[in-house]
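What follows is a single structure, written as structure tokens, with notes after it.
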Amino acid sequence: SLVKSDQICIGYHANNSTEQVDTIMEKNVTVTHAQDILEKTHNGKLCDLDGVKPLILRDCSVAGWLLGNPMCDEFINVPEWSYIVEKASPANDLCYPGDFNDYEELKHLLSRINHFEKIQIIPKSSWSNHEASSGVSSACPYLGKSSFFRNVVWLIKKNNAYPTIKRSYNNTNQEDLLVLWGIHHPNDAAEQTKLYQNPTTYISVGTSTLNQRLVPKIATRSKVNGQSGRMEFFWTILKPNDAINFESNGNFIAPEYAYKIVKKGDSAIMKSELEYGNCNTKCQTPMGAINSSMPFHNIHPLTIGECPKYVKSNRLVLTTGLRNTPQRERRRKKRGLFGAIAGFIEGGWQGMVDGWYGYHHSNEQGSGYAADKESTQKAIDGVTNKVNSIIDKMNTQFEAVGREFNNLERRIENLNKKMEDGFLDVWTYNAELLVLMENERTLDFHDSNVKNLYDKVRLQLRDNAKELGNGCFEFYHKCDNECMESVKNGTYDYPQYSQKAGLNREEISGVKLESMGTYQILSIYSTVASSLALAIMVAGLSLWMCSN
């Protein structure tokens, strides 16, 4: 009698996942497992960076802080900072209207500084021949009274005289020194003589690298903060053992304090309206802190710290599993003892939960799933290593801080913005292309592993079993559980079963030949009968036509 279909099928895992990925060839491919590599969340707070607090200037600008705007007294002495936070339009800037020369360059310098130590270089009390306390303005109020910047001194004439100033400071510190000074531009000649006595004045400043001569620009101007005059501030970095020399006969705003640069490092001036969140992070953006090991984010292009790379993408998902096409249950006519078993062509197996690839067998002892642990583990290791490699390579920590330009540098600013946008487009394209290509390769890798497992079984069974074309093999001999296990572990003994398989194969072939002979006789009979009937009809038609 004929052997009732003992079978073994090769298939792959399926589950209830609805995760979808894109590949080079397809979109929205449902897979069993996937890994998101794009961070899209933040905490909406300003945090410490690696345990170091930021310097949050609140309503003060950098200029207001450095010059000592009376409304910025909380920042007279500040500890080490990780980064500086300034609002887009801080209220407490230059209280006395004017300009801060090379302000953007100074901010760029601050992006490489983590700590200042404020030191007195020319005491206010040392100006015995000039009024050092009368230089105040209603534009810089403090407690309802006129005041002035805390770190500089506005020198006024004394006893209707303004003797020429000659003052020097030698930097005996081991650190660089940030020194600030300024010039007052009066509204008219009357104000000039009222404040400084001398109608024609100048300010000279010199170091080993600086040679500056300033003269006041007297002009009628619109009032700002109640003032028609203007002040212009300057700065320089004084190196150790270098001296700065001042000479002036009027309009001089002298330095009282300077900033010793005691610690340099990676910092930034970040524009943000957020409040301090009493938290810690490795990556800060103006929108909030990011705590993520993902290689990409789409939160904000400007960052400080160890951050993922910003891209414009909305979705970057790497597949780690297989195509998820669960086998659909459908009514089938029963075949053999255990019915038909679909293989990997018809869909994945949700019943196989302990591996990615494996077997389903059926024989007289029963049926069941078994994962191929070796191929599954190799695949898991391969995919995991690949994903980790991609993340490691792309997770080079990036820092992108904003750059500021003055009004004369708008064309440079526009060019810089176009270049940065171009770089972002390239990074985004590269990231998306990388994901598409790697997803395609991963799915092909899984398909190849299933095929390899199939070929492993096929090469063992040879002509002892029949390929059903759906990932399954039907044995020409009885295959009990021990036999099935030998197929799975690669120790199937082909010679042991070949004689019995050969007899059954010949018996099946004989049945096919006998059936084929019957079909051929019926076919010949049908052909002859049809031809004879057609000949009789033609002859009858001819006789009828002739008789007419």
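Glycine is treated like the rest: Cβ placed from N, Cα and C.
According to Swiss-Prot, the feature topological domain 'Extracellular' maps to 1-520. The N-linked glycosylation site annotation in Swiss-Prot covers Asn15, Asn16, Asn28, Asn170, Asn291, Asn489. Marked as disulfide bond by Swiss-Prot on the basis of sequence analysis: Cys47-Cys279, Cys60-Cys72, Cys95-Cys140, Cys283-Cys307, Cys479-Cys483. Annotated transmembrane segment per Swiss-Prot: 521-541, in sequence order. Annotation comment: Swiss-Prot describes 542-548 as topological domain 'Cytoplasmic', evidence class sequence analysis. Swiss-Prot lists Cys546 with the feature S-palmitoyl cysteine.
Positions of the features from Swiss-Prot, shown on the structure.
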| residue | record | Cβ within 10 Å |
| --- | --- | --- |
| Asn15 | N-linked glycosylation site | 18 |
| Asn28 | N-linked glycosylation site | 8 |
| Cys47 | disulfide bond | 24 |
| Cys72 | disulfide bond | 24 |
| Cys95 | disulfide bond | 26 |
| Cys140 | disulfide bond | 24 |
| Cys279 | disulfide bond | 13 |
| Cys283 | disulfide bond | 23 |
| Asn291 | N-linked glycosylation site | 14 |
| Cys307 | disulfide bond | 24 |
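In terms of local Cβ density within 10 Å, Asn170 ranks first among the glycosylation sites Asn16, Asn170, Asn489.
Here the C-alpha separation of Cys483 (disulfide bond) and Asn170 (N-linked glycosylation site) works out to 94 Å.
The Cβ neighbour count for Cys60 (disulfide bond), using a 10 Å radius over every protein chain in view, is 22. Ranking the disulfide-bonded residues Cys479, Cys483 by how many other Cβ atoms lie within 10 angstroms of each Cβ puts Cys483 at the bottom.
Of the recorded residues, Asn489 (N-linked glycosylation site) and Cys60 (disulfide bond) place their C-alpha atoms 74 Å from one another. The secondary structure of Asn16 (N-linked glycosylation site), as reduced to three states from DSSP, is coil rather than helix or strand. Annotation: no disulfide-bonded residues among Cys47, Cys95, Cys283, Cys479 have CA atoms within 10 angstroms of the CA of Cys72 (disulfide bond). Near Cys47 (disulfide bond), with the C-alpha within 10 Å of its C-alpha, lie none of the recorded positions Asn15, Asn28, Cys60. Mean predicted confidence for the topological domain 'Cytoplasmic' (542-548): the pLDDT average there is 55. Rounded to a whole number, the distance between the Cα atoms of Asn16 (N-linked glycosylation site) and Cys479 (disulfide bond) is 33 Å. Ranking the recorded positions Cys95, Cys140, Asn170, Asn291 by the distance of their Cα atoms from the Cα of Cys283 (disulfide bond) places Asn291 first.
Cα of Asn291 (N-linked glycosylation site) to Cα of Cys307 (disulfide bond): a span of 9 Å.
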